[in-house]
């Protein structure tokens, strides 16, 4: 039986007509198969080649199925190959999403971080401003009032409730940097910025120590007084360490034009510095109390309640009372002493007078190689002295009783060099007076055969016109890194300038030379900044102070600052002070701190003026060291008392047996210590929040 295109048995035509299950095609209906081929006709009418065509169609279908399978495999391989780039795209998308999330989180936390950091940033800026104002109180600016404002601002920073002891150390250090970096650039004029910045950084550590200790003692009653004591103690420490100390930048030396300068005659530099700090901290205390009243309202005195069983406690004195009294006492002391200081500057009829001359010969050029110009420097001073002698003979200048030359005016040793001795004698004979010559001599016991081990003394030598050399003063406080190199095994490897340091050794003495019958105290250059040097000379009988100096390696600013030291010494010891510099600034200063005459910087010149010889010992000359030691001791005791007051030391407890036999703790008051501990915890949490960027909680600090 024939089969159709689907493989079904085909009925004959007549059977199809008789079979009702066979659907007859309707006229006009397409008779093609599903693949577009025509339906096979009946077996009776079918073409014998149709079966072969059907077989070919089936083969084509199988080929198409295989092609589709191959296409599917190709697509799968293509998908596997493209999986790499798709992963990279997904990774980039994830990274972008992570950055967006991080930025959103940071932006959300930024207000809290800024809120926690802003107060510290404000205190940091105020510390910088305060330090710069302290610098402005020194020459060449000489804004004496800036020191008081500076201390007041620093006090405000240290009294802030959020300032911790470590924060006080940092704020004080920043204050010191802002002061000493602009104050000491002359250090690096010829040796570069490294020595300058190292010295400024080292000096800034001492105000940092003050800041730390001030925060510790600020809860004690009368804290403005204790702040002043702590400042005096840190200035003492700075004057002895490291390498003998560096008291440059003491507050007192910025007060040469201020109304508190007379305090130097009462207690020297320690009292003057302490007085300035006391006034500044007291003003800060008054300002803080006024600000408190402004926020909370003026405190009213408590009213007595007639129905109350207990009487009302009397009102405490206002917090501004003690600072106000402190300011008044400082000003009162300065006013009381000022007439005596002014009278000392004017002089009295019973004091003998002499004429003294100062010669400033100048150097050919500034620089570290001034020693290579030794003969030229000596010749310059001889020439200027000869000009002075000619003016004296011409009646243009008075005859001096003696002449003062600067430090290093003859770096050629006149005791072993006949030519140098001849030139100095020539000048002394011409002027008809002895000359105080700054020179360099071989140290006793030094071997000059081995130049590496040779040692010298920085000496001021009296040279008489007829007898030659006489009394001498050897510099006792030599300058580290300039006149000698401390710890050479270390610093030689840190700087190429280390080997330029000299080989000078200190030699103790009386600091007084006798020239033309006058006892003259000598503080050679660097020595004038130390309290002990001029005080020692005056206590040993000096009636006049001389400060020979050599500033050829520095600049005019350094000379101006050194001159301020000399002015304070004049008031402190009630003596005329004669400053002689190779390049300047040379000057004669009265006992009240006034400049009588002066030269300019880097010029040859001479000064010839009449001064008075004085013998009175001031309270500062007698008692200033004792006052300073009292302040140092008081500072140590204050810190210990404050630490115990703040609860940093465990308090001893006493156990007693109660009625029931239970052991009870002593009823000693602990509220104060608890408050201090809570404050310390809060301050520590402030620091932690700043470091982590976590804003403080709305309800305050939370301690575990």
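A Cβ is built for glycine as well, from the same backbone N, Cα and C atoms used for every other residue.
Checked against TrEMBL, the range among 79-98, 99-118, 299-318, 319-338 recorded as transmembrane segment is 319-338. Taking TrEMBL as the reference, the stretch among 30-48, 49-67, 144-162, 353-371 described by the feature transmembrane segment is residues 144-162. When the ranges 194-217, 386-409 are checked against TrEMBL, the one recorded as transmembrane segment is 194-217. Long-range contacts of the transmembrane segment (266-288) within the same chain, counting only residues at least 6 positions beyond its ends with a Cβ under 8 Å from a Cβ of the stretch, are 147-156, 159, 223-225, 227-229, 231-232, 235-236, 247, 250-253, 255, 260, 319-320, 322-324, 326-327, 330-331, 333-334, 337, 531, 535, 568, 572, 618-621, 623-624, 627-628, 631.
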